[in-house]
Amino acid sequence: MSGAALGIEIVVVFFLALFLLHRYGDFRKQQRMVLFGTLLAWYLCFLIVFILPLDVSTTIYKQCIIDHEEHASLSTVSPALSNQTAGNLSVTPTKSSQKSCHKPWSYIPDGIMPVFWRVVYWTSQCLTWLLLPFMQSYARSGGFSITGKIKTALIENAIYYGTYLLIFGSLLIYVAIHPKWHLYELQTIGITAANTWGLFLLVLLLGYGLVEIPRSYWNASRRGHLLIKTYFKAAKLMTEKADAEENLEDVMEEVRKVSESIKYNHPLRKYIDTILRKCPVDYQEKMGRNMDDYEDFDDKQNTYPSEKSLVKLHKQVIYAVQRHNRTRVQWQILLQQAIHLEDVAKNETSSTHQFVHSFPSAEPPGWFSRYLYTPTVEWYWECLLKQWFYRVLSMVLTLFSVAVVWSECTFFSTRPVLSLFAVFIQLAERDYNYLYIEMACFVTIFFLCTCVYSTVFRIRVFNYYYLASHHQTDAYSLQFSGMLFCRLTPPLCLNFLGLIHMDSAISHQKKEQTAYTSIMGSMRVLSFIANGFYIYYPMLIVILCIATYFSLGTRCLNLLGFQQFVGDSEMTSDLIDEGKELIRREKRKRQRIEDGENRRRVSIQVSLTFFIHENPGKVTEFENPVDSVTDYSEAKYSRGGSRAERDCIELLQDAEPLDFNADSLTDDPLEADSSRHTGGRYLSMSSSRSRIFDDV
């Protein structure tokens with residue numbers, strides 16, 4: 001298996017990143033440059049998470065060989081000296097001096113991992129600090145040409161690039177003053193600066209996620225609490241959605257005025273067409289109907305906008321459409337979640353033990369829903385087992401969070417070993433349980449990544465970006481996620497190596513270091529960072545966890561006037577009631593649409609059945625009296641071969657809008673209203689047979 005595990009994981013991780021990008025992104029609508037940049041960023045970060053456990057197991061095997069060689073060389077000198085020296089080689093005595101070293105199943109030969117980590121690390125750093133910010137600015141630019149977009153992107157990122165050049169120039173001057181320094185040490189300083197920035201943000205996000213993620217699963221087991229919080233979110237999101245729609249209408253009105261002033265043969269008309277293509281489809285159709293392209297523009301008029309103003313308008317359109325799409329997608333996700341929670345609350349008292357949805361999916365059920373996840377299984381899962389599963393999961397994650405907090409505060413102590421993760425790894429190292437070591441490393445890194453990355457998309461300040469499945473994530477959120485992953489994953493993994501005492505710069509142990517640590521360079525170049533910031537700053541996580549547990553930040557924001565979910569607040573109660581009414585209104589709207597579609601299908605089938613019954617010898621296309629609506633639609637838009645078939649299609653086209661009731665033509669408004677509420681608004685079968693075919 002020499003190197004085979006590495007090759008397999010490289011291929012598997014690529015398809016995993018591709019699958020997730022396909023789930024969250026849209027390959028058909030989004031730009032290829034955005035998709036490629038996001039895929040590359042996700043792929044490199046996933047590689048670090050998946051390959052680092054293999055690096056750890058390989059390093060443990062190499063350390064075992066070194067210990068055996070030193071023990072063999074010392075045993076030839078003096079048995080007593082051998083025993084004393086072997087006891088000083090490591091902090092915890094291992095069985096490596098008694099047992100032979102077993103090669104791990106995922107062993108990676110020498111020379112491969114250093115090259116691999118260099119390519120992965122420097123490519124990800126170029127993406128996160130240079131290319132992805134440039135691509136974000138390029139996508140948001142209002143320029144109408146590639147040159148204009150590149151110029152705008154460079155100007156917007158000039159501050160960041162200027163800061164990088166200033167830091168790099170300062171380092172060059174520092175190296176010139178100290179001739180003993182070399183280029184390698186300069187590279188180490190650059191890596192240290194990036195990791196220091198990442199660790200600073202990492203601890204802040206981790207302190208929130210370690211408490212909030214276990215608590216979120218515990219609250220998910222409390223359906224009443226989760227439903228109330230969903231109502232609260234709905235009220236806040238509807239306010240933002242209304243603001244986004246109003247902003248979009250204002251921008252579209254400005255686009256309409258500019259479009260009407262610039263005619264088809266104006267030199268700036270091509271820019272207007274570019275702006276119109278960025279507008280929603282309904283606005284494009286509305287503006288297209290109001291165009292009078294036969295009118296030529298007048299050169300004597302000076303009221304035409306300039307190209308610079310059109311660039312600004314183009315950028316406003318991009319931002320307004322993006323904000324409108326974001327709020328619309330988030331509203332649909334939240335609405336679906338609220339309806340599902342209400343369905344769960346209704347089905348809890350069901351005596352049939354079968355889950356019934358308020359709005360069943362229009363898509364036909366797949367084999368999973370048909371044979372495995374049946375309504376009975378769904379009822380037992382949603383109404384009985386799910387809450388207990390979430391409670392157990394919350395307890396397990398709480399224990400994991402406590403272990404992380406304790407290890408972050410004690411990982412610098414090597415005598416005795418206080419870090420829990422270091423203890424677990426060293427216990428497995430004694431028995432050469434490499435599979436356990438790799439699984440423990442992967443699970444720990446995955447938990448840390450989940451706590452950090454989910455925090456960014458949970459905090460209200462970062463609500464500008466979101467990740468939504470079913471191809472609903474916009475390009476800007478995809479680029480932001482790739483940039484964030486590349487910035488935080490390397491320092492997160494370096495911090496994990498410190499937790500398990502495999503970073504010699506922190507543990508100060510003379511042991512074999514991983515290839516990943518060797519690429520990061522010796523942090524002793526900047527001793528105040530290696531011996532100070534990297535050790536004592538993670539202790540701040542205790543204060544952040546306490547503040548998150550008591551919701552101090554949420555309460556402070558609520559006192560300042562920002563709407564936050566606080567149980568004993570009057571504003572929270574008002575927003576909950578408002579959200580409940582909004583969900584009820586949306587459900588009534590959906591029900592009306594669904595009822596209208598059902599009545600339309602029934603009326604079409606009734607009309608079709610009656611016509612076939614009246615013309616049995618002429619119509620051969622609709623032999624089944626209960627043909628599906630799909631068959632009817634295909635016949636409706638196809639040209640029949642016989643006159644009877646064309647008469648049938650034409651008659652059915654005229655009979656589609658059956659939203660009429662002759663009984664409603666009464667002078668008494670109460671009777672008319674009663675007929676509407678009792679379903680008399682639509683034609684019954686007898687009235688349809690006696691009226692709509694009178695012309696035949």
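A Cβ is built for glycine as well, from the same backbone N, Cα and C atoms used for every other residue.
Annotations in TrEMBL come from automatic prediction, not curation.
The coiled coil annotation in TrEMBL covers 234-261. Annotation source TrEMBL lists region 'Disordered' at 660-696. The transmembrane segment feature in TrEMBL is assigned to 6-22, 34-52, 119-138, 158-177, 189-211, 388-406, 435-456, 533-552.
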Restricting to the coiled coil (234-261), report the mean pLDDT as a whole number. 90
Find the member of 6-22, 34-52, 119-138, 189-211 that has more C-beta pairs under 8 Å to the transmembrane segment (435-456) than any other listed stretch. 189-211
Is it true that the transmembrane segment (533-552) and the transmembrane segment (34-52) have 3 or more Cβ pairs under 8 Å, skipping pairs fewer than 6 apart in sequence? no
Please give the sequence-distant neighbours of the transmembrane segment (189-211): residues at least 6 beyond its ends with Cβ less than 8 Å from one of its Cβ atoms. 125, 129, 167-168, 171, 401, 404-405, 448, 450-452, 454-456, 458-459, 487-488, 490-492, 494-495, 520-521, 523, 525-526, 529, 533-534, 537-538, 540-541, 543-545, 547-549
Intrachain residues whose Cβ lies under 8 Å of the transmembrane segment (388-406), provided they are six or more past its termini: 206, 210-211, 213-215, 217-218, 220-221, 418-421, 447-448, 451, 499, 541-542, 545
